[in-house]
Amino acid sequence: MRKSLPGRLSVAPMMDWTDRHCRAFHRHFTRRALLYTEMVTTGAILRGPRERLLEHGAAEHPVALQLGGSDPADLAEATRIGVAAGYDEINLNVGCPSDRVRSGCFGAVLMKSPGLVADCAAAMIAAAGDVPVTVKCRIGVDEQEPEEVLPAFLERIAAAGVASFAIHARKAWLEGLSPKENREIPPLDHPLVLRMKAAFPDLTLSINGGITDLGMAERLLAQGIDGVMIGRAAYHDPSLLGAADRRIFGEGEDVAAETAVRAMLPHIEAERSRGTPLNAITRHMLGAFQGRPGARAWRRRLSEGAHRAGAGPELVLAALAEIADAAPAAEAASGAAAGVGNAPRPSRNPFDPERRAG
Ligand SMILES: Cc1cc2nc3c(=O)[nH]c(=O)nc-3n(C[C@H](O)[C@H](O)[C@H](O)COP(=O)(O)O)c2cc1C
């Protein structure tokens with residue numbers, strides 16, 4: 001079996017969201033979390049604009065490429081290309097239920113074909129050299145019984161050489177639910193995934209689905225799971241990643257959102273000079289100050305201005321000034337509301353454990 005990356009925390013692959021600009025931003029909050037690309041299909045890699053699809057920055061590592069496909073030869077070739085492009089892990093998508101994905105016979109529908117997934121994984125492993133090949137799956141699809149299907153799936157794919165899995169702890173319904181509904185409606189079953197770790201102690205298992213903060217991640221890790229994968233919460237509130245290195249990996253200093261935003265300015269300048277529109281980058285930064293005074297003004301400044309021709313780093317700095325300006329005003333208002341100047345005030349520190357308690 002291949003060694004897997006020590007992904008105690010990862011940011012989930014999210015199509016249209018976790019592109020290289022988003023990953024660059026997330027990386028400024030955490031040096032340690034494993035970042036995933038969006039899913040890229042084998043067809044797009046083999047016959048599409050490969051260089052653009054696989055482009056990633058040197059600072060993004062560790063970064064995993066997620067592939068979508070179900071043809072072992074194509075997946076092997078795409079794996080070879082992904083490894084040559086410098087990715088640290090190649091992941092196979094067995095969890096995505098979208099129409100487009102179903103018609104191509106890959107993603108979550110593959111939960112019904114563990115033999116084919118095993119063939120795909122074996123072909124990918126043979127092509128990957130020392131780079132780990134991992135699988136992201138669901139606990140089952142449609143009428144499948146997760147208690148039976150999931151262990152059988154893990155056993156079969158592990159026998160093909162996969163040592164590391166990320167498990168989205170809910171079923172996917174292939175008919176009748178939209179992809180979005182498939183991330184919300186089927187109930188989460190974290191305990192089942194935790195039991196899988198007990199049943200397969202030699203596998204590296206990450207749990208995914210509905211993890212909203214680092215407190216929840218810590219509690220799951222304390223129950224023995226190897227890794228926690230966070231998707232939407234990290235995207236909508238990326239500053240939660242700013243405490244991840246300290247809390248999850250036991251090293252490093254917390255990173256404030258202001259620091260991460262400022263650290264993006266060189267990336268923004270470089271991308272602007274290549275002709276990348278500002279909003280292609282800043283759309284991933286809208287949630288940076290989630291829950292803090294000035295967050296709305298920050299979002300509004302960026303949303304209204306970033307699509308304009310010529311918009312650049314100065315707009316980001318102007319939006320950042322909204323946060324700085326809002327803080328004293330919010331403080332004064334909370335003091336006035338309390339009626340006294342030195343009354344206890346709610347913390348504005350985004351890393352205050354009370355604010356993140358989950
Ligand atoms: C906008 C969006 C796009 C997604 N695209 C992918 C994808 O390309 N590949 C994949 O395996 N999962 C994809 N997912 C699912 C996430 O990786 C994750 O499994 C799911 O959101 C549950 O985790 P969460 O509750 O932490 O968000 C996507 C989710 C969202 C919200």
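All positions are counted from 1 along the displayed chain.
Even glycines carry a Cβ here, placed using N, Cα and C.
According to TrEMBL, the domain 'DUS-like FMN-binding' annotation covers 11-319.
Here TrEMBL flags PRO13, MET14, MET15, GLN66, LYS136, HIS168, ASN208, GLY209, GLY210, GLY231, ARG232 as FMN binding site. Cβ-based neighbour count (10 Å, all protein chains) for GLY210 (FMN binding site) stands at 18.
As annotated by TrEMBL, site 'Interacts with tRNA' applies to ASN93 (among others). All protein chains considered, the CB of ASN93 (site 'Interacts with tRNA') has 23 other CB atoms within 10 Å. The secondary structure of ASN93 (site 'Interacts with tRNA'), as reduced to three states from DSSP, is extended strand.
The annotation active site, proton donor is assigned in TrEMBL to CYS96.
DSSP assigns LYS180 (site 'Interacts with tRNA') to coil in the three-state reduction, placing it in neither a helix nor a strand. Taken from TrEMBL, the feature site 'Interacts with tRNA' covers LYS180 (among others).
For ARG183 (among others), the entry in TrEMBL reads site 'Interacts with tRNA'. Taking the Cβ of ARG183 (site 'Interacts with tRNA') as centre and 10 Å as the limit, one finds 18 other Cβ atoms among all the protein chains shown.
Look at ARG296 (site 'Interacts with tRNA'): DSSP puts it in a helix. Among the features that TrEMBL reports, site 'Interacts with tRNA' is placed at ARG296 (among others).
TrEMBL lists ARG299 (among others) with the feature site 'Interacts with tRNA'. Packing around ARG299 (site 'Interacts with tRNA') is summarised by its Cβ count: 19 other Cβ atoms lie within 10 angstroms of its Cβ, all protein chains included.
The feature compositional bias 'Low complexity' is assigned by TrEMBL to 331-344.
Marked as region 'Disordered' by TrEMBL: 331-358.
The maximal spread of the FMN binding site, taken as the longest Cα to Cα distance among PRO13, MET14, MET15, GLN66, LYS136, HIS168, ASN208, GLY209, GLY210, GLY231, ARG232, is 20 Å. A gap of 11 Å separates the Cα atoms of ASN208 (FMN binding site) and ARG183 (site 'Interacts with tRNA'). Residues near CYS96 (active site, proton donor) in space but far in sequence (CB under 8 A, at least 6 apart, same chain), listed by position: MET15, MET39, GLY68, PHE106, GLY107, ALA108, PRO179. Here the Cβ of ARG232 (FMN binding site) has 16 other Cβ atoms within 10 Å, regardless of which shown protein chain they belong to. When the recorded sites ASN93, LYS180, ARG183, ARG296, ARG299 are screened for a Cα within 10 A of the Cα of LYS136 (FMN binding site), the ones that qualify are ASN93. The recorded positions listed here (PRO13, ASN93, GLY210, ARG296, ARG299) include GLY210 as those with a Cα within 10 A of the Cα of ARG183 (site 'Interacts with tRNA').
Ranked by how many other Cβ atoms sit within 10 Å of their Cβ, the recorded positions LYS136, LYS180, ARG296 place LYS180 at the bottom.
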